[in-house]
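Participant: The following block contains the structure, expressed as structure tokens.
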């Protein structure tokens with residue numbers, strides 16, 4: 001008798017995706033981040049659901065409803081901080097996942113990569129609207145500043161901003177719709193993640209060498225299920241340590257002050273995971289130019305498959321490209337630091353140089369290094 005997991009219509013899908021899936025035998029821990037992102041998404045949806053049961057999306061009660069969750073709801077404080085720090089863990093895993101994809105040439109799977117870029121935009125949108133919900137000072141002013149960027153669009157900009165706001169400023173209508181968006185978007189992310197997996201399983205996984213591994217595959221279960229469980233335990237441990245020992249480490253103290261449209265915080269800045277893009281936005285003195293640079297800083301990822309000039313897929317055997325990759329990582333860390341600093345002399349010029357280097361690395365230096373490496377292979 002054939003095993004039920006191979007014959008049952010639903011079990012067969014699960015079996016082909018997580019049990020009998022042929023997987024390269026040499027994939028490293030950098031391949032753990034996909035499953036960790038799935039875990040993060042589940043944690044966020046569950047904690048978010050319980051928070052939504054007690055939260056009220058109204059300007060007069062939003063801030064106090066979050067306080068109520070932390071003080072009066074059973075284990076409300078841990079649910080709230082798991083959700084807030086879960087977002088940080090989500091982005092850590094996301095950036096590691098993207099970095100590994102870039103390093104090992106996973107962008108050769110065009111469809112999977114492009115769905116990934118769409119997923120990134122959706123996750124960033126979800127995190128942004130979610131940050132507005134506690135209705136603290138940084139929530140309010142962050143929403144005002146970031147939505148206002150759309151007014152830089154010629155002709156329709158102002159109308160578009162007022163349409164998103166649902167009025168002439170960030171107010172009750174804005175908060176209500178942002179809550180609606182924040183509730184629906186994770187389910188869209190879930191659907192997109194399934195599509196992402198479908199496309200990945202069409203081609204099979206890449207591996208660190210970038211060389212086809214069809215002749216050397218092993219079943220996903222038990223080898224990689226065990227490996228994923230180890231990663232999951234480390235993720236949960238880190239998340240719990242952050243939540244229980246330093247819940248406000250990555251947050252902004254200004255968000256513990258209720259939103260006040262009449263008082264602007266000294267330094268308006270987004271959460272840490274958006275600071276690199278915020279630094280690029282601020283480094284251009286022109287509003288429209290800044291908005292375009294901000295958009296391109298993320299959208300540039302969609303062009304990476306076209307910018308791949310190397311004859312090798314992975315960077316494993318390409319020392320020049322490796323060096324430039326780590327320069328890019330250092331550059332992004334520099335931009336993240338600059339994004340959190342005030343707009344004054346030393347920081348502004350460093351931010352501008354780091355922004356130029358970011359685009360220069362991706363558009364010019366890395367493709368040129370790949371061409372040089374191609375020449376060196378003939379020696």
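Every residue, even glycine, has its Cβ placed from backbone N, Cα and C.
Keep in mind that what you see is a predicted model, and the values were worked out from it rather than measured.
Okay, so Swiss-Prot annotates it like this:
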| type | residues | note |
| --- | --- | --- |
| BINDING | 83, 182 | heme b b562 binding site |
| BINDING | 97, 196 | heme b b566 binding site |
| BINDING | 201 | ubiquinone binding site |
| TRANSMEM | 33-53 | transmembrane segment |
| TRANSMEM | 77-98 | transmembrane segment |
| TRANSMEM | 113-133 | transmembrane segment |
| TRANSMEM | 178-198 | transmembrane segment |
| TRANSMEM | 226-246 | transmembrane segment |
| TRANSMEM | 288-308 | transmembrane segment |
| TRANSMEM | 320-340 | transmembrane segment |
| TRANSMEM | 347-367 | transmembrane segment |
Participant: Applying the under-8 angstroms CB criterion, which one of 77-98, 178-198, 226-246, 347-367 scores highest with the transmembrane segment (113-133)?
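Facilitator: Selected stretch: 178-198, with the most Cβ pairs under 8 Å.
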Participant: Expressed to the nearest Å, what is the distance separating residue 182 (heme b b562 binding site) and residue 196 (heme b b566 binding site) at their Cα atoms?
Facilitator: 21
Participant: Within 10 Å of the Cβ of residue 196 (heme b b566 binding site), how many other Cβ atoms can be counted across all chains shown?
Facilitator: 21
Participant: If one looks at the chain holding residue 201 (ubiquinone binding site), which residues at least 6 apart in sequence have a CB under 8 angstroms from its CB?
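Facilitator: Sequence-distant Cβ neighbours: 16, 17, 21.
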Participant: Applying a 10 Å Cβ distance cut-off over all chains shown, what neighbour count does residue 182 (heme b b562 binding site) have?
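Facilitator: Taking every protein chain into account, the count is 22.
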Participant: Take the transmembrane segment (226-246) and find every residue of the same chain, 6 or more past its ends, with a Cβ under 8 Å from one of its Cβ atoms.
Facilitator: 29, 32-33, 35-36, 39-40, 43, 78, 81-82, 85-86, 88-89, 93
Participant: If one measures from the C-alpha of residue 83 (heme b b562 binding site) to the C-alpha of residue 97 (heme b b566 binding site), what distance in angstrom results, rounded to a whole number?
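Facilitator: Cα-Cα distance, residue 83 (heme b b562 binding site) to residue 97 (heme b b566 binding site): 20 Å.
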